[in-house]
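Chemist: Can you read through this structure? Questions will come right after.
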Amino acid sequence: MGVHNGKAAVVAETRNVVVAITGASGACLGVRVLQLLREQPGIRTHLVLSKAGILTLRHECDLTLADVRALADVTYRPGEIGAAIASGSFPVAAMLVAPCSIKTLSAIATGYTDDLVSRAADVCLKEGRPLLLMVRETPLHLGHLKSMVAVTEAGAIVAPPVPAFYPRPRTVGDLVDYTARRALARVGLWELAPEPWDGELTRADPADLLGR
């Protein structure tokens, strides 16, 4: 099951990381996560796109579907429920859904695993593995918020891709890169974390803080 891109066979030290791209706006987030992971030795990436994720990717990104699939070591079809990542016996270090649509969030919250994205996420929850959902929607109604509570109670990390401006980004690419790195750090891949905050504001002149 799955299409392999020719890397060496999995060894014990290899960490398997699942990346899912769903139909919410922000396909570039998943692409950047894949690009960062590809630069790291010892990480084997497993990519699954939902049907809506494929449509969004084609609309928002200059890359082709083949280009994006080439960034991963193994790719799966949306309905490939028999894939390795659909089984708890397959070791997965972390899974990121980037971006995560409300439909996918709702499926994970209720355990309605009708495609590989929701099934792989459900496996991470039942096995106690890091699962990060970059939920991309606004405004949020009560049903959305309840779904976020449900997945959080089940053990997932809800991490909406809110842009950070204190690093002084110059481009949209800078914003995407920082957000992707923060997500990767949150699931334990600290080697890909952005530069840490150096506490500059705490060194400000007290007179400035008092408005004098």
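Any Cβ shown, glycine's included, is placed from N, Cα and C.
Quick paste of what TrEMBL says about this protein:
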DOMAIN    16-178  domain 'Flavoprotein'
BINDING   GLY23, ALA24, SER25, SER50, SER101, ILE102, LYS103, THR104, ARG136  FMN binding site
BINDING   TYR166, ARG182  dimethylallyl phosphate binding site
Chemist: Within 8 Å of the Cβ centre of GLY23, ALA24, SER25, SER50, SER101, ILE102, LYS103, THR104, ARG136, which other residues of the chain have their Cβ, at the recorded FMN site?
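Modeler: Sorted by sequence, the hits are THR22, ALA52, GLY53, THR56, PRO99, CYS100, LEU105, GLU137.
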Chemist: How many Å separate the Cα atoms of SER101 (FMN binding site) and ARG182 (dimethylallyl phosphate binding site)?
Modeler: 19
Chemist: Among all the protein chains here, how many other CB atoms are within 10 A of the CB of LYS103 (FMN binding site)?
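Modeler: A 10 Å sphere around the Cβ of LYS103 (FMN binding site) contains 17 other Cβ atoms.
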Chemist: State the Cα to Cα distance, in Å, between SER25 (FMN binding site) and TYR166 (dimethylallyl phosphate binding site), rounded to an integer.
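Modeler: Cα-Cα, rounded: 24 Å.
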Chemist: Who sits close to GLY23 (FMN binding site): which same-chain residues at least 6 apart have their Cβ under 8 Å from its Cβ?
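Modeler: Spatial neighbours, sequence-distant, of GLY23 (FMN binding site): SER50, LYS51, ALA52, GLY53, LEU55, THR56, SER101, LYS103, THR104.
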Chemist: ARG182 (dimethylallyl phosphate binding site) has how many other Cβ neighbours within 10 Å of its own Cβ?
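Modeler: 18, counting other Cβ atoms within 10 Å of ARG182 (dimethylallyl phosphate binding site).
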Chemist: For the binding-site residues SER25, SER101, which one has its C-beta crowded by the most other C-beta atoms within 10 angstroms?
Modeler: SER101
Chemist: With an 8 Å cut-off on Cβ-Cβ distance and a minimum sequence separation of at least 6, pull the same-chain contacts of TYR166 (dimethylallyl phosphate binding site), or say none.
Modeler: TRP197
